[in-house]
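Trainee: According to TrEMBL, the oxalate binding site annotation covers A:Asn58, A:His63, A:Glu68. What TrEMBL lists as Mn(2+) binding site is A:His61, A:His63, A:Glu68, A:His108. Residues or ranges marked as domain 'Cupin type-1' by TrEMBL: A:20-163.
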Protein chains: 6
Amino acid sequence: MVVNADDFFKAAELDKPRDTMASKVGSNVTLINVMKIPGLNTLGISLARIDYAPLGENPPHTHPRATEILTVLEGKLYVGFVTSNPNQLFTKELNKGDVFVFPEGLIHFQFNPDYHKPAVAIAALSSQNPGVITIANAVFGSKPPISDDVLAKAFQVEKGTIDWLQAQFWENNHY
Amino acid sequence: MVVNADDFFKAAELDKPRDTMASKVGSNVTLINVMKIPGLNTLGISLARIDYAPLGENPPHTHPRATEILTVLEGKLYVGFVTSNPNQLFTKELNKGDVFVFPEGLIHFQFNPDYHKPAVAIAALSSQNPGVITIANAVFGSKPPISDDVLAKAFQVEKGTIDWLQAQFWENNHY
Amino acid sequence: MVVNADDFFKAAELDKPRDTMASKVGSNVTLINVMKIPGLNTLGISLARIDYAPLGENPPHTHPRATEILTVLEGKLYVGFVTSNPNQLFTKELNKGDVFVFPEGLIHFQFNPDYHKPAVAIAALSSQNPGVITIANAVFGSKPPISDDVLAKAFQVEKGTIDWLQAQFWENNHY
Amino acid sequence: MVVNADDFFKAAELDKPRDTMASKVGSNVTLINVMKIPGLNTLGISLARIDYAPLGENPPHTHPRATEILTVLEGKLYVGFVTSNPNQLFTKELNKGDVFVFPEGLIHFQFNPDYHKPAVAIAALSSQNPGVITIANAVFGSKPPISDDVLAKAFQVEKGTIDWLQAQFWENNHY
Amino acid sequence: MVVNADDFFKAAELDKPRDTMASKVGSNVTLINVMKIPGLNTLGISLARIDYAPLGENPPHTHPRATEILTVLEGKLYVGFVTSNPNQLFTKELNKGDVFVFPEGLIHFQFNPDYHKPAVAIAALSSQNPGVITIANAVFGSKPPISDDVLAKAFQVEKGTIDWLQAQFWENNHY
Amino acid sequence: MVVNADDFFKAAELDKPRDTMASKVGSNVTLINVMKIPGLNTLGISLARIDYAPLGENPPHTHPRATEILTVLEGKLYVGFVTSNPNQLFTKELNKGDVFVFPEGLIHFQFNPDYHKPAVAIAALSSQNPGVITIANAVFGSKPPISDDVLAKAFQVEKGTIDWLQAQFWENNHY
C-alpha cells in the first residue's frame with residue numbers, strides 16, 4: 001500500500017455551522033476519527049466540532065476510550081462531569097477561548113445557557129476511535145431495548161415509565 | 001520502604017455472602033483494588049465478588065478505566081452491555097461456571113432472574129483502580145445535582161420528573 | 001465481520017471440579033483466554049479456575065505477560081512468589097475468601113496443605129494471552145531438551161542427574 | 001489534596017488573536033498543557049491555538065512525544081511533514097475547516113501563503129506534555145551552542161556560515 | 001531538581017573484561033539500568049555487557065519486564081529460549097556480530113561452547129528496570145527457602161535431593 | 001505460520017567495520033530492526049552498530065519513536081542532545097565502555113574527535129521500528145523539496161542559500 005498526503009487529510013468543513021434545530025437536544029457533533037482519516041491509525045488522537053442551538057446541549061455521555069479537551073469558539077457553555085464513586089459533580093461556565101478537560105470514561109455534558117445565541121466548540125479526544133455513549137440513548141434507546149425490569153429497578157420508577165421512555169425516539173447527535 | 005507479603009494480600013472474606021436485602025437494587029459489590037492491596041500499584045488488575053438477591057441486579061454502570069470478565073459462582077444471571085454508537089444491546093443468560101466479558105467503558109448490567117435464589121459472581125477488572133459509574137446514581141444522584149434543564153432535555157421528560165428523581169435516595173451498591 | 005454476544009461468552013463450566021488425581025502435581029488449571037473468547041482481543045484480561053488435590057500444588061511457574069490476582073473458593077492454600085534479584089520469598093497461608101497478588105513475570109506457586117480436602121481458586125490475569133511457563137517442565141521437559149551441559153552447570157548437579165530428570169514425563173497441568 | 005473544577009480549567013483566551021508581527025517567523029503558538037491544567041496529568045492530550053501573520057509560518061519542528069491533529073479556523077495554510085528514512089515530503093493546502101495530521105516525532109511545518117490575511121488554527125496533541133523542538137532553533141540556537149565542527153559537516157557548509165547562523169537571535173514562537 | 005548531562009551518563013567501563021573464573025557458572029553480567037543512570041526513568045531501555053569464561057554460561061533465567069536483544073562481541077555462543085506452553089526450545093549458534101532476540105518473560109540462556117576462549121556479548125533490554133530471575137537460584141536459593149514439599153513434587157525428586165540442592169551456594173552472576 | 005529460531009536471528013555481521021570513508025559525514029549506521037528480525041514485532045527494541053571515521057560524525061538526528069542507549073566499543077566520542085523548549089545542550093566526552101542515553105525524540109549527535117583513529121559504538125533503541133530523521137537531510141534533502149520560502153524564513157537566510165543547500169547531495173548514513 002502506498003501512503004500519501006490524502007491519508008492524513010480530511011476536507012472536513014469543520015468551519016461550517018451544522019443544523020442544530022432539527023435535533024431534540026439542540027446540538028450536532030462532527031467527529032473526525034480514524035474512519036475518516038486512515039493515517040490516524042495507532043496515533044491516539046481525533047478532533048471534533050460541536051454546534052449548540054440556543055439552550056441546546058450535548059447531553060450526558062461518555063467516551064469509553066478517551067479523555068476530551070474542549071475550547072469554546074463562539075458563545076458560552078455550562079459544562080460538567082461526574083467523578084466515579086463517589087459521584088461528585090464538577091461544573092464550570094466557559095466563555096470564548098476557555099479550555100476544559102473531561103477525564104477518560106466519565107459522564108459529562110455541555111449546555112448552551114443563552115436564549116438567543118448559538119455556541120460552537122472544538123474538542124480533541126485522546127484516541128483515534130474514542131467512541132461515544134449518550135447515556136439516555138444507550139439506556140432507553142438501545143436495539144433491542146434493555147429489559148424494563150432491569151431499568152425500573154435501576155432508576156427507581158414504574159415499569160410503565162420505562163416503557164414510555166423506551167417508546168420515545170432517541171436520536172443520535174453525532175455524525 | 002520495606003515491602004513484604006502483606007502488601008500483596010487481603011483477608012478479603014470474598015467467601016462470605018454479603019447483605020443484599022438492605023439494598024434497593026438488591027446487590028452488593030466487594031471490590032479488592034489498589035486501595036486495599038497496595039502491591040497492586042501499576043499492575044493493572046483487581047478482583048470483586050458480587051452478591052445478588054433474588055430478582056436483584058447490579059444496575060447499568062461503566063468502569064471508566066477497565067474491561068471486566070465475570071464468572072457465575074452460584075445461581076443464574078441475565079447480563080448485557082450496550083455498544084457505543086450505534087447503541088446495540090448484547091445479552092446472555094449465564095449459568096454457574098459460564099464466563100462473560102464487558103469491554104472497557106461500555107454500559108453493562110447483571111440481573112438475577114430467579115424469584116427465590118440468590119446469585120454470586122466473581123469479576124476481574126483490567127485496572128488496579130477501575131472506578132465505577134452507576135448510571136442512574138451519577139445522573140440523578142450526584143452532589144451537587146446536575147441542572148434539571150440539562151437532564152430534562154437529555155431524557156425527554158418534564159423538569160418535575162427530573163426533580164422527583166433527584167429527590168430519591170441513590171445508594172451505592174459498591175463497598 | 002459481524003460481532004455478537006457469543007464473541008464475549010464461554011460456557012466454561014468453571015463451576016465443575018476438574019480431575020486432579022491423574023496429575024502428578026495434583027492440580028488442574030482451566031484458563032479462559034482470547035483463544036476461547038475472541039472478544040477479549042486487545043482487552044488485557046483473562047480468567048482461570050484452579051483445582052488442587054489434597055497435598056496438590058500448582059508448581060512454580062511464571063506468566064511472561066501478566067500479573068495474577070487469586071482468591072480461594074474452597075479449602076486452604078499456601079502460596080508464594082520469589083522477587084527478582086535478590087531472590088526473596090514472600091509467602092502467605094490463604095483461607096477461603098482471601099486474595100493474593102503475584103506480580104508480572106515472577107516465579108510463584110500455590111500448594112494445598114490439607115491431607116484430605118481439595119482446594120479451589122479463581123485467578124485473573126492482566127493479559128488476554130498471559131502465557132504460562134511451568135519452571136520444571138520448561139527446564140527439564142522442553143522439546144527438544146536443553147543441553148545437559150547447560151543444565152548441569154546451572155543446577156550444580158551431575159549431567160547424569162539432568163539426564164534422569166529429562167527422561168521423566170513432564171505433563172502440563174494447564175488445559 | 002482536594003481536587004475541584006478549576007484543576008480541569010484554563011481561562012485560556014484561545015479566542016484572542018496573538019501578536020505575530022513581532023516574531024521573525026510570523027507566528028505565535030499558545031499551548032495549553034499539563035503545566036497550565038494540572039488535571040491533564042496522565043490523560044495524554046493537550047490543545048493549542050496558532051496565529052499566523054500574512055506569509056507567516058510555524059517553522060519546521062517536531063513534538064518528541066505527540067502526534068498533532070490540526071484544523072484551520074481562519075485563512076489558509078500550506079502544511080507538510082517529512083517521513084523518516086527515506087525523507088519523503090507530504091504536503092497539502094488547507095482551507096477553513098480542513099483537518100490534517102502530523103504523526104508523532106516527524107518534522108512538520110505550517111505556512112500562511114496569503115500576502116494580506118492572517119490565519120488561525122487549533123491543534124490538539126496526543127500528550128499532556130508534548131514538547132516542541134523548533135529545528136533551526138535547536139540546531140543553531142541551543143545554549144550552549146553545538147560545536148561548529150559538528151554542524152559544518154552535517155549541513156555541508158563552511159564553519160564561518162555556521163558561526164554566522166549561531167550568532168543570529170533564535171526566538172521561540174511558543175508561549 | 002536541575003538535570004544535567006551526568007544524569008544520562010555512566011562511566012560504565014563496559015569495555016573491561018570482568019572476572020568470570022570466580023563464578024561457578026562462569027559468567028558475569030554488568031547491567032546499566034535506571035539505578036545507575038537516573039535519566040533512564042520512564043524511557044524503557046537498559047544495556048548490559050556479559051562476559052563468559054571458556055565453557056561458561058549465563059544460566060537459564062527470565063527478565064520479568066523486558067525483551068532482550070543480544071550481539072556477540074568476542075567468541076561464540078550457543079543460545080536458546082523456551083516458549084510458553086507448549087515448551088518448545090529454540091536454539092542458535094552465534095558467531096561474532098550475530099544478533100538474537102529473547103522475547104519478554106521467556107526462559108533463556110547463553111553458553112560459551114569453546115574450551116579455551118572467553119566470549120563477550122552486549123545485550124539491550126526493553127525496560128529501564130528489567131529485573132532478572134536466575135531460575136536455579138530463585139527456585140533453590142531463595143531467602144527463606146521454598147518448602148521442599150513444594151519443590152519435590154514440582155521437580156519429581158526426593159525431598160532429600162531438594163534439601164541437598166538448597167544447601168548449595170547459589171551465587172548471583174549479575175552485578 | 002510456523003515460527004522457528006531463525007525468526008529471532010540475524011547473521012548481522014555487527015562485528016565487521018563498515019566503510020565510513022565514502023560517506024561525507026564519515027559514519028555508517030547498521031540497524032537491526034523488525035524488518036530484519038521479524039520476531040521483534042511488538043517487542044519494542046532494536047540494536048545498531050555505528051562506525052565513525054576519524055573526525056566522522058553521526059550528524060544531528062532524531063528517532064521519532066525511541067529512546068537510545070549507547071556504549072563505545074572503540075575510540076572516543078563527543079556526544080550531545082538538545083532538550084525541547086528551552087533548547088539546552090547536554091554533552092559528554094565518552095571513552096571506551098562509557099554509556100550515554102538520548103531520550104525519545106530529541107535531536108542528538110555523536111562525533112569522533114580523533115584525527116587518526118576510527119570509533120565504534122553499539123546502540124540500542126526502545127522500539128522495533130524506531131525510525132531515523134537526519135535533520136539536515138530531512139530539511140534540505142526531502143523528495144520533493146520543502147518550499148524555499150518556508151526554509152528561508154525558518155533558518156533566517158536568503159532563499160538563494162536554501163536553494164544552494166537543496167542542490168547538494170544529502171546521502172543517508174543509515175543502512
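Quick reminder: no glycine exception, Cβ is built from N, Cα and C everywhere.
Remember, TrEMBL labels are computer predictions, not curated facts.
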Trainee: Neighbourhood of the Mn(2+) site (A:His61, A:His63, A:Glu68, A:His108): other residues with Cβ within 8 Å of the Cβ centroid, in order?
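Mentor: So the extra residues in range turn out to be A:Thr62, A:Ala66, A:Phe81, A:Phe102, A:Leu106, A:Ile107, A:Leu125, A:Val132.
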Trainee: Between A:Glu68 (oxalate binding site) and A:His61 (Mn(2+) binding site), what C-alpha distance do you get in Å?
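Mentor: That comes out at 12 Å between the alpha carbons.
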Trainee: What's the number of neighbouring CB atoms sitting within 10 A of the CB on A:His108 (Mn(2+) binding site)?
Mentor: 22
Trainee: Rounded to the nearest Å, what's the C-alpha distance separating A:Asn58 (oxalate binding site) and A:His108 (Mn(2+) binding site)? Just drop the number here, would you?
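Mentor: Here the two Cα atoms lie 9 Å apart.
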Trainee: Of A:His61, A:Glu68, A:His108, listed here as binding-site residues, which sit with their C-beta under 8 angstroms from a C-beta of chain B?
Mentor: none
Trainee: Enumerate same-chain residues with a sequence separation of six or more from A:His63 (oxalate binding site) and a Cβ-Cβ distance below 8 A; give 'none' if the list is empty.
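Mentor: Listed in sequence order, they are A:Phe102, A:Glu104, A:Gly105, A:Leu125, A:Ser127, A:Pro130, A:Gly131, A:Val132, A:Ile133.
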Trainee: Applying a 10 Å Cβ distance cut-off over all chains shown, what neighbour count does A:Asn58 (oxalate binding site) have?
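Mentor: The answer is 30.
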Trainee: Would you identify the secondary structure of A:His63 (oxalate binding site) according to DSSP, in three states?
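Mentor: Assignment for A:His63 (oxalate binding site) reads coil.
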Trainee: For A:Glu68 (oxalate binding site), list the number of other Cβ atoms lying within 10 Å of its Cβ atom.
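Mentor: Looking across every protein chain shown, the total is 28.
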Trainee: Under a criterion of Cβ-Cβ distance under 8 Å and sequence separation of at least 6, what residues of the same chain contact A:His61 (Mn(2+) binding site)?
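Mentor: Listed in sequence order, they are A:Ile107, A:His108, A:Phe109, A:Val132, A:Ile133, A:Thr134, A:Ile135.
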Trainee: List the helix, strand and coil residue totals of the domain 'Cupin type-1' (A:20-163) as derived from DSSP.
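Mentor: Computed counts for the domain 'Cupin type-1' (A:20-163) are 22 helix, 58 strand, 64 coil.
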